[in-house]
Amino acid sequence: MEGEHLYLNKETDAARFQSFSHEIHLNKHMRVHTKQKHFACEHSGQRFHQKTDLTTHMRVHTGQTYFACELCGNRFNQKSNLNLHMRVHTGQTHFACELCGKRFSHQTNLNNHMSVHTGQKPFVCELCEKKFSSKSTLNKHTKVHTGQKPFPCELCGQRFSRKTNLNRHMIVHTGEKPFVCELCGQRFSQKIILNIHIRVHTGQKHFACELCGKKFNLKSTLNRHLRVHTGQKPFSCELCGKRFSHQTTLNNHMRVHTGQKPFTCEFCSKRFSEKNNLNRHIRVHTGQKPFACELCVKRFNQKTNLNRHLRVHTMQKHFACEQCGQRFHQKTNLTTHMRVHTGQTCFACELCGKKFSLKSNLNRHMSVHTGQKPFACELCGKRFSQKTSLNRHMRVHTGFSPVS
C-alpha cells in the first residue's frame, strides 16, 4: 500500500477529493465522518478523534506551554495558538465585517462578532440552558458547573478556570499597573477597571434604579442600592447579631466592639470610628452649613438637624411626656424634660458642687463664679450674666409689667 494514494468513496460528498498516502491516515480521517471519538480526557471527559488531539488537549490540564512568543514571552500549548497570537504584535487584521467594517486578526473573532448584528446565540449550556454567541464562551461558562480550575498560580497555588483570569491574577504578585488614565494619570491593573474609572470624569451613569430612578455608574453600586427598597440585610455582626445591608457598614459597626477610631480631626485631634462622622465634625471648625431650610432660610451642618428643625414649621410634636402630657419636637427635649419629674441632676458645678438637671443651666450658673456678663442692654449698656435677666431688665425701658 505504501506509495499509493487511497481515495475515499466518491459518493461521500463531504470528502470527495481527500487522499492519503497511508491507510492508517485514511482510517483516522474516517472518524471525522463517522463521528467516532475514541480518545477521552480523564480530567474533563472531553473526547477526540485522534490520540494527538488528546495529547495536545492535555496541556490545558498540565499547564505545559512549549511555544513561547519571542516578543512578549507569552507562552502557548499549541504552535497554531502562537501563530495566531503573533498578529497582536504585527497588527494584522485580515478579517473584516461586511456590515460595520470592523476588522479582526482571527476568523473566529469575526464569527463571534457577527452575533452582535444577528443577535444569534446558538450555543446552549446543557446544564442551565444559558445561551452564548460563541463556543469558546460556552466552554468557559461550563467550568462554572464542573468546578474545573485547570490553571494554577505557580506563586501562591490559587487556581483559575480561565487562563485570562490567571494572567490578571499574576498582577497581584508583580504589582504591574499598565493601564493609565489619560485625564488624571491614575494607573490600573486591568483595562476593565480603567474603563469603569473613566466614568468618574465623564459623569456617565448607565445603571438606573427601576424603583426610584436614581442612577449609578457601577452595576454593583446599583445592586447595593436596591437593598434600600428590598430591606435585605445579608451581613450580620457575629458579636451582637445586628444585621446590615452593606459589608462596609458592618465593617464600620465592628469598631463599636473593637474601639478602633482610625479617623482623626486635623483641627482638634478628636478621633472617629467612621469617615462620615469625621466629615460632619469638620463642619464645626469650618462653619459649613450645607443644609438650608426652605421655609425660613436657617442653615444646618447636618441633615438630621434640618429634619428636626422642620418640625418647628409643621408644628409636629411626636414626643409626649407620660407624666404631664407635654409634647416636644425632639426626643432629646423629652429626655431632658423628664428630669423635672425624676429629679435627676446630672450636671455638677466643679467649683461649688451645686447640681443641675440641664447642661445649659450649669453653663449659666458658671457666670456666678467667673463674673462674666455676656448679655448687654442696647439702651443703657447695663450687662447681665443671663439672657432671662436681660429680658426682665428691658421692662424698665418699655414700661411693660407682666402683673396687671
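The first residue you see is number 1, and the count goes up from there.
Quick reminder: no glycine exception, Cβ is built from N, Cα and C everywhere.
Annotated features, as they stand in TrEMBL:
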type	residues	note
DOMAIN	39-66	domain 'C2H2-type'
DOMAIN	67-94	domain 'C2H2-type'
DOMAIN	95-122	domain 'C2H2-type'
DOMAIN	123-150	domain 'C2H2-type'
DOMAIN	151-178	domain 'C2H2-type'
DOMAIN	179-206	domain 'C2H2-type'
DOMAIN	207-234	domain 'C2H2-type'
DOMAIN	235-262	domain 'C2H2-type'
DOMAIN	263-290	domain 'C2H2-type'
DOMAIN	291-318	domain 'C2H2-type'
DOMAIN	319-346	domain 'C2H2-type'
DOMAIN	347-374	domain 'C2H2-type'
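Packing against the domain 'C2H2-type' (291-318) from elsewhere in the chain are residues 280, 283-284, 327-330: each is 6 or more residues past its ends and has a CB under 8 Å from a CB in it. Below 8 angstroms of C-beta separation, residues 43-44, 60-61, 63, 108, 111-112, 115-116, 159-162 of the same chain, each at least six residues beyond the ends of the domain 'C2H2-type' (123-150), sit close to that stretch. Panel annotation: around the domain 'C2H2-type' (151-178), residues 63, 140, 143-144, 187-190 of the same chain, lying at least six beyond its termini, place a Cβ under 8 Å from a Cβ of the stretch.
Proximity of distant same-chain residues to the domain 'C2H2-type' (263-290), defined by a Cβ-Cβ separation under 8 Å and at least 6 residues beyond the stretch ends, is recorded for 252, 255-256, 299-302. Across the range of the domain 'C2H2-type' (319-346), the DSSP-based residue counts are 12 helix, 4 strand, 12 coil. In the domain 'C2H2-type' (347-374), the DSSP tally of helix, strand and coil residues is 12 helix, 4 strand, 12 coil. Secondary structure of the domain 'C2H2-type' (151-178) per DSSP (helix as H, G, I; strand as E, B; remaining residues coil): 12 helix, 4 strand, 12 coil. For the domain 'C2H2-type' (207-234), residue counts in helix, strand and coil come to 12 helix, 4 strand, 12 coil, using DSSP. According to DSSP, the secondary structure content of the domain 'C2H2-type' (123-150) in residues is 12 helix, 4 strand, 12 coil.
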